[in-house]
Amino acid sequence: MNSSLVFCIFCFTTLYLKICLADPDNLQDACPAAPTGKDNIFINGLPCKNPANITASDFKTSKLKNAGDTDNFLRFSMILVTAFDFPGLNTLGLSVARTDIDVDGIVPPHSHPRASEILFVFEGVVIAGFIDTNSKVFQKVLKAGDVFVFPKGLLHFCFNSGFDSSIVFSVLSSQNPGVISINDAMFQPDFNVINKLVRKFISLSADNHIPNVTFQSFNNP
C-alpha cells in the first residue's frame, strides 16, 4: 500500500477518534436541567428546559448557605450540589460542595473518579492533601483564603487542625463527580483508629511517602 495513503488513513483515524472522544461544546447559551418525571429516559446528563422558560433563578442556589450536621463519628458534614439540585449547572461540567469540619474532625481518604477538585478554605485551619499513584503524599496546612487542588481520581483527605470549626467550599470539574471512599471498608467505630490516622498524616516521613495507599496499616497499633 502506498505510504502516503497509509499516512492519510492514520491521520483521518486519529482525528476521527479525537472528535468522537471529546466532550461536546454547548450549542446554546445555557441548558438548565428540566425534570422529566419518567424513569425510562436515560441520558448522559439531564434534558434542557425550554429556553422560553429559563429564569435567573435557575442559576442561583442557597443550598450551601447553612452548615451541615457535624454531630457524627468523623465530625464532618459535606453537602454536594449537582445539576439535579441546581439546574443551571446542567451541561457545564461542574458541581459544588460545602464541607463543615468540627475541631479534630476528618474527611477520610476518598476519590472522585470523574472530577478534579478545587478546595477553598473559607474559615478555620485545615490540613489537606492527596496521594499520587506512586504513594507520594502532597499535603499543606491551609488557612482562610487558601486554595488547594486535588487531581482527578486520586485519593485525598482533609482534617481540621485548628482550634475552631472550619468551613471549606469546593468546585468539582464534573456534573456527576462520584465518590469512592475507603471509610466504610477500612474503619471501625473506634476513635483510636481516627486518631492514629491523623497522627500518621501529620508525622509523615521526610520523603512524604506512604508505603501502602490502601491504608491498612492504620488499623494496626
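Positions of Cβ are set from backbone N, Cα and C atoms, glycine also.
Just so you know, TrEMBL annotations never went through curation; they're auto-generated.
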Pick from C11, C48: the cysteine that TrEMBL pairs with C31 in a disulfide bond. C48
What other residues of this chain sit with their CB within 8 A of the center of the CB atoms of H110, H112, E117, H156, the recorded Mn(2+) site? S111, A115, F130, F150, L154, L155, L172, P177, V179
In Å, rounded, how far does the Cα of C48 (disulfide bond) sit from the Cα of H110 (Mn(2+) binding site)? 31
Under 8 Å Cβ to Cβ from H112 (Mn(2+) binding site), same chain, six or more residues apart: give me those in sequence order, or none if nothing qualifies. F150, K152, G153, L172, S174, P177, G178, V179, I180
